[in-house]
Amino acid sequence: MTSGFFNGIERIQYEGVDSQNPMAFRHYNPDEVILGKRMEDHLRFAVAWWHSFAWEGGDPFGGPTLERPWHPQDDMGRARMKADIAFEMFELLGQPYFCWHDADIRPEQGNFAENLNALEEITNYIGEKMQVSGTKLLWGTANMFSHRRWMSGASTNPDPDVFAYAAATVKSCIDATHKLGGENYVLWGGREGYETLLNTDLKTELDHMGRFLNMVVEYKHKIGFKGTILVEPKPQEPSKHQYDYDAATCIGFLRKYGLENEVKLNLEQGHAILAGHSFEHEIAVAAAEGMLGSIDMNRNDYQSGWDTDQFPNNTPEVALAYYYILKAGGFTTGGTNFDAKIRRQSIDAVDLVSAHIGGMDICARGLKAAAAMIEDGGLDAALSDRYSGWNTPKAASMLESSLEQVYDRVIDEDINPAPKSGRQEILENYVNRFV
Ligand code: XLS
Ligand code: NI
Ligand code: NI
């Protein structure tokens, strides 16, 4: 017996590029083998519980627009109904994974002990649904930014009681993630940052955040949680200055606090853009350090400059993201989470399903383009050509020598480099052949 919420929508099927059916996949074909691996196993799609089922459609100028049968989200009965409908949608879409914050799946009860009870009850319920449906948990996380208790941060809060509440909250969420067989645990530093330096001891806050993350890692090992701990960079919003600004900042932070072998990054397309980077830049930076974990595949509106969390719809961008993910060896425990929400005028169930169809299709299309570029080898060939000068023993040995030795070489051999073209337009034209 289904709820009827998705009435009239049948299980979404792959129909191929010629299909005119808006309720079908044209590119996402889970069993299609790409570079020796099933498409589903490459992409590892996940639905974000918060945007798809907890968000009510409010914006800074107006209240809820999405009227759902599980609103208001203040009791356990409606929390269970929300879970029932979430799993109906996972099944309609063939979504292999989902993600949650504690606050998305259980109602806020006002104190820790009651929140914990509610979390245990709802995760037991979700666990049973996972058994039946086979849908898996990509990651769990704690919402330590919405409730007013977090307004001055969680682990970076000047009040030690908030630090304590945050530690207890994360422990409960790792326990729940572990119980549900989650493959990662994410910490996005919601309000780990500041509004003004005038009231902020920046060094103390960073030290507390570093210790907090070490406590998380110690606990993970203590309980035998095999998933990956991920932090998610974002430069601003909600805080004016977020400590986890971008991939490079996070990597420096993780190294400083001795976590470089323990923690990886969950990179979000929209956050990359807010930081003044491209998504593929963030992916390449993380991959270069062996810290690429997972992705949140949602874009921003390019004019508004907010984290608008829209479903992806740009093949060239998505293709380059997957190109660098594939070059880094693909996902291990990570996956593609749609940290994306429909627009507040998209009030029908069909809008929610269609948004995911489109997101999954664009990612599949991007993945196929990325794989085709890898198979063709054009970008690799251009790169090895550009760096080929370093293949000579003379050039390689320079890295083993001293500054004066290199100086002598320039004098002795009268080295006078001739500039070579970077071939950017030719390479951009090349990429356009695939996307
Ligand atoms: C907010 C973040 C958030 C994290 C999970 O901008 O993207 O949704 O992914 O806390
Ligand atoms: Ni995110
Ligand atoms: Ni975000």
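Just so it is clear, glycine is given a Cβ too, placed from its N, Cα and C backbone atoms.
For the Mg(2+) 1 site, TrEMBL gives GLU232, GLU268, ASP296; the one candidate out of ASP175, ASP339, ASP348, ASP351 that the record lists there too is ASP339. Between the alpha carbons (Cα) of ASP309 (Mg(2+) 2 binding site) and ASP296 (Mg(2+) 1 binding site) lies a span of roughly 10 Å.
Here the Cβ of ASP296 (Mg(2+) 1 binding site) has 24 other Cβ atoms within 10 Å, regardless of which shown protein chain they belong to. Neighbour list (ASP339 (Mg(2+) 1 binding site), Cβ cut-off 8 Å, at least 6 residues apart, same chain): ALA48, HIS51, CYS99, GLU268, ASP296, MET297, ASN298, ASP309. Each of LYS234, GLN269, GLY270, LEU274, ASP296, ASN298, ASN300, ASP339 belongs to the same chain as GLU268, HIS271, ASP307, ASP309, is absent from that list, and has a C-beta within 8 angstroms of the C-beta centroid marking the Mg(2+) 2 site. Closest to HIS101 (active site) in space, going by CA atoms and restricting to the binding-site residues GLU232, HIS271, ASP307, is GLU232.
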